[in-house]
Amino acid sequence: MNALAATNRNFRHAARILGLDSKLEKSLLIPFREIKVECTVPKDDGTLVSYVGFRVQHDNARGPMKGGIRYHPEVDPDEVNALAQLMTWKTAVADIPYGGAKGGIGCTPRELSMSELERLTRVFTQKIHDLIGVHTDVPAPDMGTNAQTMAWILDEYSKFHGYSPAIVTGKPIDLGGSLGREAATGRGVVFATEALLADYGKSIKDLTFVIQGFGNVGSWAARLIHERGGKIIAVNDITGAIENPNGIDIPALIKHKEETGGLNNFQGADAMDPNELLVHECDVLIPCALGGVLNRENASSVKAKFIIEAANHPTDPEADEILSKKGVIILPDIYANSGGVTVSYFEWVQNIQGFMWDEEKVNNELQRYMTRAFHNIKAMCHSHNCNLRMGAFTLGVNRVARATLLRGWEA
């Protein structure tokens, strides 16, 4: 099932549990605005090439819309739509004053030079600058984009509107980016894991972990779990998979990956079949890479007791049902990976105030937000007798619905 169908299904289930009015339910599903623009740029050899850029602004009942911009060949309106909707519920679960948005350009970034990427980003910004804004829609980096992309958007936007550091988050520190932002999603995953385990009377230091995906999120989560005494027994990325039943030395692995570009030939672990990783014996499984990796083919073989969804939509609805029947506890993506957008919110606040925080304050605030959100989700689980995924969805959808009604949506 694709991300849009799965998100809609979860939303409709939450709407039924909450007893939402059918007209309000329909209104909450339909995006506020969908933007599609043509971006024609000269390549370095002088030829012209055209790309299509999208921005879906889903909902602004609770505040400015927020969401990443991805550069990827498979960016399409459906996917962008699903991710924009998911951001609406995610920001509401985290209880930060934002709505949801998402954008992207259908291109292959690694086939473009730095100057071509800059021209493409600037043209895209020129096309949408009057539809985004500090109090309207605040973009951030996503797949295929980074702090440098945000710096170009900030510069291009400022030519039209004056210096506006709060127009994007995930910026370089030198241009008003927040300390702690790089580690924020991975750190949020660990705070979420701690909150969940505490609920079951367990702690990170007594458990074994398997981490699927060793990019930004996976490597930060691994590093922080290792520091807390958790034993990480298997890890993979696109270069391969490794295991060590006695625990992998994560700082050494990070150093090895920086030096070699991959996990292969790491001395402190043995190579393993990447297909076995998700069904490896462990206490906690953390998928940090692509969507749909847990599906009806492999769900019945999963041996983990807890699954922390650090990736977006890693568990298909069919797998969800199989795992729930097995008694596996799943901490949903809509909450588990919200650390990134939470620290993006802190960055926006710092930019608006013109007053920057130290890293300790950022991390302490993040822990407070993640822990509070978990307790709010648990409260919804108790009052509606549902699992954590529906607890999170009912929490998010209920907050957006209340804000929509209070603003007078029928007027």
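Note that Cβ sites are derived from N, Cα and C of the backbone, with glycine treated the same way.
What TrEMBL records for K102 is active site, proton donor.
Annotation comment: TrEMBL describes K66, K90, S344 as substrate binding site. Annotation for S344 (substrate binding site): spatial neighbours K66, V138, A140, T169, G170, S178, R181, A184, criterion Cβ-Cβ under 8 Å with sequence separation of six or more.
Residues or ranges marked as NAD(+) binding site in TrEMBL: T185, N216.
Annotation source TrEMBL lists site 'Important for catalysis' at D142. Just so you know, the Cβ of D142 (site 'Important for catalysis') picks up 22 other Cβ atoms within 10 Å once every protein chain is counted.
Other residues of the chain with a Cβ within 8 Å of the Cβ centroid of K66, K90, S344, the substrate site, are G67, M87, T91, A94, I96, Y98, G100, A140, S338, G340, V341, T342, Y345. Residues K66, K90, S344, recorded as contacting substrate, have a largest CA-CA distance of 13 Å. The recorded positions recorded for this entry are K90, D142, T185, N216, and the Cα of D142 lies nearest to that of K102 (active site, proton donor). The 10 Å shell around the Cβ of K66 (substrate binding site) contains 29 further Cβ atoms across the protein chains shown.
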